[in-house]
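Comments concern the structure below.
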């Protein structure tokens, strides 16, 4: 006997709060870096919750975590749904975790109803979406999608000199009993719920965001090399001060990037050497994060940034590393329409919008019909301990996801409305 | 029987090289931070070398190291000579160490000649001259001179959260058998040999610098507080980006400080938080090092810097901490003259010059007649692993110091010249 699948808002909320303990910061928020001990703790919780619903855990060479609900036709390609559980150093309780746990909740609801989907449903937590410990972000989904190679990623090191390969070995060693599958597999559809990380939904009073696409993004690492010298004796005109070269670049970039009200330009990371009060800095290494929904504009601004580095570096030398170059993309129209209809059935007001933030769904879109379901994020504040989503919005996002999973796996259920 | 005191250039040079092993960097240069394990190693060497010459080691509550040659009249105030042995994170083999070991060599020469000075001669290695681990620098000499209090200094912490009190306790624990004397004592005269750290002597082809004074210096710590936010979603006009506020300040400072060819303006240290590539920085903390020989100009530039912080911080908030405010000083005319005469006797060309770098001698000048003997520094490069002084200049500096010590302690010896 199969019943009607429905999510448990209370269970989903309590799990969200519980996961916030892994890497909890002293006051609030979390620091749960990719492939860290804190992320291992979160994997344990998620695998245990999945086991309660009969989901089978597996991982791959990229360190992605999968939990699969078996199907009537187990060899059909799965519907994949989820997000990530790593956070920024001062992250909140919802970014990534909401999508992962909403996916787990929706699949759990199907399993608890005794329903058997036509094709498998796989909950995913992608490796290193944030890119704050190991750069760039989206490593797990990019490896899955073949956008980067294992050779290229495994040698990336964190600030402490630990490589992705070493950190990944530690994670895999912590889970000796779960299945290791090869990298990449055919996907029937991909659906990622996420908090909006901006305040478009909140301002519009909408509950569900139907994401049309993700704005383009370029990231760079710029290395400026000067010459260290004594701050009290080296004449100003002879200095090769790497920090002052940075300052000249950063000010012109800030001015030249301010072309409209949708561009986003950020220098979030900067390290100078030797970083001593009375030594002229010999090097400055910084990261640029540039986003714009219009690919032509994004490309033009990227060229402008590179020109500024070239023009302002003197008398220092420089090196420009292009880390990410992701154009804007468009999500599947059919899935967008399904999200809109599900929201309507539940009485949630929905709004079409573009994602300003990057997400793993960007990598999945070329592989399979893909979509994102946004819920509001208080004041648009994300990557911050104060990040917040309302319990009723969390439940709404999971309920819409459940509808989509049922439709995608031949389980569409009757609704109590008049249609 | 007493002979003629003369320094050993070979011994002095080999000890300079040997001390370079404590905190040696992989390729060249040293990282020997104040009160570190590496500095403890250097203390061990210096105390052992002093013991060979009969010098008695002692320390004080400030963590200064003293080695004293006893005198005919042991209760007369000593002539104090030396410098420091701590280094910048990427320091060289000569800054500080040359002065300390030249002093040890000169005193050793006196002891080996069987001479007994009228008054004690005390070799000193001051605690934390550099100020790179614990800020500000010159802690040991400032405490000795009563310019700062123990309460104020002991709570200062390094980047790892270790306080001066804790680091000092570790150093003192490593030397349980040396005498602990109270802080401060009367000083008859103070003479500090040092590499020039600029290239005035080298350009002039001079060997001995007769230092007329030390240029004034102000240092600040500026704290900018903004608000962290998601780099992909937070609209530019709503941001409180602490790094961009820093950039605006730093560029205007660089422009406004460029008033003449003797001013020195440096931002050597900068830390941003959370320092993650896709997070708008919430804080930037930086250090300013400003020097000028004219005290009125220095004061005016200091006010200008503070005004720039105030004008450019918006929409961030700021806090200005004044760390060091040291006006230019003038060294003792009699000792300057003695240096000039000694150089002449040896046939070393001498040049009067102002020190652009700060030194512990600045603190001693108000306490007793004080002087500094400079030797050339290759290409003026200091605070750098490539820092270099020629062996013959090292020997010349120590020989001149020996003459001054003999004169100050009633031991003037006959010279082989025609005078």
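The backbone N, Cα and C atoms fix where each Cβ goes, and this holds for glycine too.
The model shown is predicted, which means the values in this text are computed figures rather than measured ones.
A:130 is the only one of A:70, A:130, A:407 that TrEMBL places in the Zn(2+) 2 site (with A:95, A:383). Per TrEMBL, the Zn(2+) 1 site holds A:84, A:95; the candidate it also names there, chosen from A:188, A:194, A:230, is A:194. The shortest Cα-Cα distance between residue A:383 (Zn(2+) 2 binding site) and any of the binding-site residues A:84, A:95, A:194 is the one to A:95. Between residue A:194 (Zn(2+) 1 binding site) and residue A:130 (Zn(2+) 2 binding site), the C-alpha separation comes to 14 Å. Non-local contacts of residue A:95 (Zn(2+) 1 binding site) by the CB criterion (under 8 A, 6+ apart in sequence, same chain) comprise A:87, A:88, A:194, A:195, A:197, A:382, A:383, A:387. If you take the Cα of residue A:130 (Zn(2+) 2 binding site) and the Cα of residue A:84 (Zn(2+) 1 binding site), they are about 9 angstrom apart, rounded to a whole number.
Across the range of the domain 'Peptidase M20 dimerisation' (A:214-313), the DSSP-based residue counts are 37 helix, 37 strand, 26 coil. Applying an under-8 Å Cβ distance to chain B, the binding-site residues A:84, A:194, A:383 reduce to A:383.
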